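Per TrEMBL, the features are:
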BINDING   Cys9, Cys37, Cys40, Cys46  [4Fe-4S] cluster binding site
DOMAIN    8-70  domain '4Fe-4S Wbl-type'
Amino acid sequence: MNWREHGACRAEDPELFFPLGESGLSLRQIEEARAVCRRCPVLPECRAFALRNSEYDGVWGGMTAGERRAVARGRSEDRHR
């Protein structure tokens with residue numbers, strides 16, 4: 001099964017998942033994207049894909065790019081301990 005074929009985001013405008021920032025007016029767009037993610041049957045697969053492939057833009061698996069960078073930094077720090 002290709003998880004992408006089952007994503008709730010397939011029925012949405014892709015622009016929804018690519019806000020121009022992570023503050024101000026973009027926060028509403030991020031929350032709308034996360035609402036789609038919350039009802040998605042493949043959220044874990046999407047999130048894992050984004051983290052594994054260092055997706056730098058957009059909302060993937062309910063996480064913003066900044067949130068994914070923070071997770072990646074945490075993993076990197078754990079490896080160096």
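Just so it is clear, glycine is given a Cβ too, placed from its N, Cα and C backbone atoms.
Non-local contacts of Cys9 ([4Fe-4S] cluster binding site) by the CB criterion (under 8 A, 6+ apart in sequence, same chain) comprise Leu16, Phe17, Val36, Cys37, Cys40. Its Cβ placed at the centre, Cys37 ([4Fe-4S] cluster binding site) has 21 other Cβ atoms within 10 Å.
In the shown protein chains, 20 other C-beta atoms lie within 10 A of the C-beta of Cys40 ([4Fe-4S] cluster binding site). There are 23 other CB atoms within 10 A of the CB of Cys46 ([4Fe-4S] cluster binding site), with all protein chains counted. Secondary structure at Cys37 ([4Fe-4S] cluster binding site), taken from DSSP and collapsed to helix, strand or coil, is helix.
In sequence order, Gly7, Ala8, Val36, Val42, Leu43, Trp60, Gly61, Gly62 are the same-chain residues whose CB sits within 8 A of the CB centroid of Cys9, Cys37, Cys40, Cys46, the residues recorded for [4Fe-4S] cluster being left out. Cys46 ([4Fe-4S] cluster binding site) falls within a helix when secondary structure is assigned with DSSP.
Under DSSP, Cys9 ([4Fe-4S] cluster binding site) is assigned to a helix (H, G or I) in the three-state scheme.
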